[in-house]
């Protein structure tokens, strides 16, 4: 197949092809990454990238929006159907943009946010001091207990002391299910709004493999990739008409200008895929595969944060190991397994080194790998970590896993 890009910019084309090979030959196990649908990539690469459309359907500041109005309206309706809610904003460029828009809509400068501590699994936008949310608002955090679980009684005590305007329940590295009902009870107790950030588990939520944030959360944010397998982007949902109006104003003109219509079309395509029965089977596989991996690692005496997992990810704990999360990340990468170093509860090393790694099952499940493959992968991870400086072992395992990966091809071309 001939590509314009190959003729006009061979340098970039060759690098894309190099990444294409890496994605096919490596085992992608970063919990926030996934393989999107080819149809989504076709929409992303369409002529819709040419169209500016500031505003919302039938309320644009530019002409010529008749077609993109239909596209955005379709994306909104599909999102509402998928998440069983009354209002959806599909314009947020990312999950971080979605969260920032929620704060912009519902808070005043220096209002109080209560979110999960970064080292316990929270996200930068949940109030981390280095982020905009930690600078523009007063941020406070809750963590996990010694077992690695959220202690809801402790969250209540902190909320009663802090009296936040908004409580964020959600995570970027927490291996257990969120109890939205308990969080709502805490929010009601202190008069706070509740934001459910389901960026990581949205695909599980819509497939009934994780508790649903509605009717408990006042507003819900998400990404459209990760477990949803859609394009990179953000999404905001609510059942409250007043909140919905504030969200729309906070996105445009509050925090963004023109929406990315090619991305919104791709979101619509992704939502249609999510509504299919096959997607429920996929989400079930994501969870069951992670259970297999956790079991394999525990049988090899590896320590997991919270002792296991209830979703699509797990965290390995190296607090009592001579090697760090960074060491493990590099060693596994050399063996063809892509993970990421991650801070864990009780962290003693710097965020650039860490005492843990985060591992996810969504991407390999999208390739069709099942229990057999995940058991093999668990054993290989164990072998590498138990002899972490053995470079020849890493290279040997890399070839073994490359052969396995080739049995489950991702895509048959690098550009759609």
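For all residues, glycine too, the Cβ spot is worked out from N, Cα and C.
The structure displayed is predicted, hence computed values, not measured ones.
The secondary structure of residue 350 ((6S)-5,6,7,8-tetrahydrofolate binding site), as reduced to three states from DSSP, is coil rather than helix or strand. Marked as (6S)-5,6,7,8-tetrahydrofolate binding site by Swiss-Prot: 118, 122, 123, 124, 242, 350, 351, 352.
Under the heading site 'Plays an important role in substrate specificity', Swiss-Prot lists 225, citing sequence analysis as support. Around the Cβ of residue 225 (site 'Plays an important role in substrate specificity'), the number of neighbouring Cβ atoms within 10 Å comes to 26.
For the recorded site, residue 226 (N6-(pyridoxal phosphate)lysine), the DSSP three-state label reads helix. The N6-(pyridoxal phosphate)lysine annotation in Swiss-Prot covers 226 and rests on sequence analysis.
Of all the recorded positions listed here (123, 226), it is 123 whose C-beta has the fewest other C-beta atoms within 10 angstroms. Its Cβ placed at the centre, residue 351 ((6S)-5,6,7,8-tetrahydrofolate binding site) has 13 other Cβ atoms within 10 Å. Taking the binding-site residues 118, 124 in turn and counting surrounding C-beta atoms within 10 angstroms, the largest count is reached at 118. Among 118, 122, 123, 124, 242, 350, 351, 352, the residues given in the record as binding (6S)-5,6,7,8-tetrahydrofolate, the maximal Cα to Cα distance rounds to 43 Å. Rounded to a whole number, the C-alpha distance linking residue 226 (N6-(pyridoxal phosphate)lysine) with residue 118 ((6S)-5,6,7,8-tetrahydrofolate binding site) is 19 angstrom. When secondary structure is read from DSSP and collapsed to three states, residue 123 ((6S)-5,6,7,8-tetrahydrofolate binding site) falls in the coil class. Other Cβ atoms within 10 Å of the Cβ of residue 352 ((6S)-5,6,7,8-tetrahydrofolate binding site) number 9 in total over all chains.
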